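*Asks:* One structure is given below, represented as structure tokens, and several questions about it will come after.
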Amino acid sequence: MFEYLPELMKGLHTSLTLTVASLIVALILALIFTIILTLKTPVLVWLVRGYITLFTGTPLLVQIFLIYYGPGQFPTLQEYPALWHLLSEPWLCALIALSLNSAAYTTQLFYGAIRAIPEGQWQSCSALGMSKKDTLAILLPYAFKRSLSSYSNEVVLVFKSTSLAYTITLMEVMGYSQLLYGRTYDVMVFGAAGIIYLVVNGLLTLMMRLIERKALAFERRN
């Protein structure tokens, strides 16, 4: 089993870069959507809620397939070579699917953290004459720090979800596993892949715990 590890490690860079890029895009989107939900912006609130329902209510694999194969159903897109090339790129399609999926769950996580802030803190800011936007600027960082423990699960989940990218020909860890299995028909290839995922997930969890510990250091000092 361990003799397969060097070959499988060739796909680890793709898995990690896809994870990091997806998390960055998802964080930016989740921040925007969380602010919209908190400010209760008309129309936009319903659009965000519809988006969350769509991406949390359907399987990630279906989303990947629709984003990768869907544009092929619109022949007019082929009239724009640059756009067609981008939409035919497996890495970009996987990035879009993972980002949109993760952003939906992260928005729920962050919005839940904001709603968990004691009412007294909102009232204190209001008593100081602060607008809701100014209040958010103060309370949002606190809410995000409080949600780090749960967000670490999302980080691990995104990395594990990159294993689905092989279904659209992206050669990450699982892609190389399928390639090796096709050559050897040795099921232990997947055992070796499991070891890689287990080790990386353990390191990601440890990293998030350290970040959480540092971010919440002020609570221990108090």
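Backbone N, Cα and C atoms are what each Cβ position is placed from, and that goes for glycine too.
Straight out of Swiss-Prot:
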| type | residues | note |
| --- | --- | --- |
| DOMAIN | 12-208 | domain 'ABC transmembrane type-1' |
| TOPO_DOM | 1-15 | topological domain 'Periplasmic' |
| TOPO_DOM | 37-49 | topological domain 'Cytoplasmic' |
| TOPO_DOM | 71-79 | topological domain 'Periplasmic' |
| TOPO_DOM | 101-154 | topological domain 'Cytoplasmic' |
| TOPO_DOM | 176-186 | topological domain 'Periplasmic' |
| TOPO_DOM | 208-222 | topological domain 'Cytoplasmic' |
| TRANSMEM | 16-36 | transmembrane segment |
| TRANSMEM | 50-70 | transmembrane segment |
| TRANSMEM | 80-100 | transmembrane segment |
| TRANSMEM | 155-175 | transmembrane segment |
| TRANSMEM | 187-207 | transmembrane segment |
*Asks:* Under an 8 Å Cβ to Cβ limit, what residues of the same chain, 6 or more beyond the ends of the topological domain 'Periplasmic' (1-15), are close to it?
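*Replies:* Result: 91, 159, 162-163, 170-177, 180, 186, 188-189, 191-193, 195-196, 200.
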*Asks:* Short question: most Cβ pairs under 8 Å with the transmembrane segment (187-207), which of 50-70, 80-100, 155-175?
*Replies:* 155-175
*Asks:* Could you give the number of helix, strand and coil residues in the topological domain 'Periplasmic' (176-186) as assigned by DSSP?
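*Replies:* DSSP composition of the topological domain 'Periplasmic' (176-186): 9 helix, 0 strand, 2 coil.
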*Asks:* Going along the chain, which residues at least six beyond the ends of the topological domain 'Periplasmic' (71-79) come within the CB cut-off of under 8 Å?
*Replies:* 87-88
*Asks:* Please spell out the DSSP helix, strand and coil residue counts for the topological domain 'Cytoplasmic' (101-154).
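*Replies:* Helix/strand/coil tally for the topological domain 'Cytoplasmic' (101-154): 46 helix, 0 strand, 8 coil.
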*Asks:* If you average the pLDDT over the topological domain 'Periplasmic' (71-79), what number do you get?
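*Replies:* Mean pLDDT, the topological domain 'Periplasmic' (71-79): 73.
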*Asks:* Give the residue counts of the topological domain 'Periplasmic' (71-79) per reduced DSSP state, in the order helix, strand, coil.
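*Replies:* Counts, helix then strand then coil: 8 helix, 0 strand, 1 coil.
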